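A.B. asks: This is the structure, below, for whatever I ask next.
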Amino acid sequence: EDEVEETLPVAEEGREKSCITWRNSCVHNDKGCCFPWSCVCWSQTVSRNSSRKEKKCQCRLW
């Protein structure tokens, strides 16, 4: 029984890490985000010298 308790946090941590993934869109985010995480998108410039923007999305708890 003690062994099982020790391995649980590790499995949970791995699951959380796999949920925080980058994507180009939040459409159908249920396939890419794990509950209760939500998908957040924002625009950012590609580089300091460029005015071109790209959309970034990520799963987050906040």
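Each Cβ is built from the backbone N, Cα and C atoms, and glycine gets one as well.
Sharing the features that Swiss-Prot gives for it:
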DISULFID  C19-C34  disulfide bond
DISULFID  C26-C39  disulfide bond
DISULFID  C33-C59  disulfide bond
DISULFID  C41-C57  disulfide bond
A.B. asks: Have a look around C39 (disulfide bond) and count the other CB atoms within 10 A of its CB, chains all included.
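C.D. replies: A count of 18.
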A.B. asks: List every residue in the same chain as C26 (disulfide bond), at least 6 positions away in sequence, whose Cβ is under 8 Å from its Cβ.
C.D. replies: C39, V40, C41, C57
A.B. asks: If you run the three-state DSSP split on C26 (disulfide bond), which class comes out?
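C.D. replies: It is coil.
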A.B. asks: Which one of these disulfide-bonded residues, C41, C57, C59, has the sparsest Cβ neighbourhood, judged by other Cβ atoms within 10 angstroms?
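C.D. replies: Per-residue Cβ counts within 10 Å for the disulfide-bonded residues C41, C57, C59 bottom out at C41.
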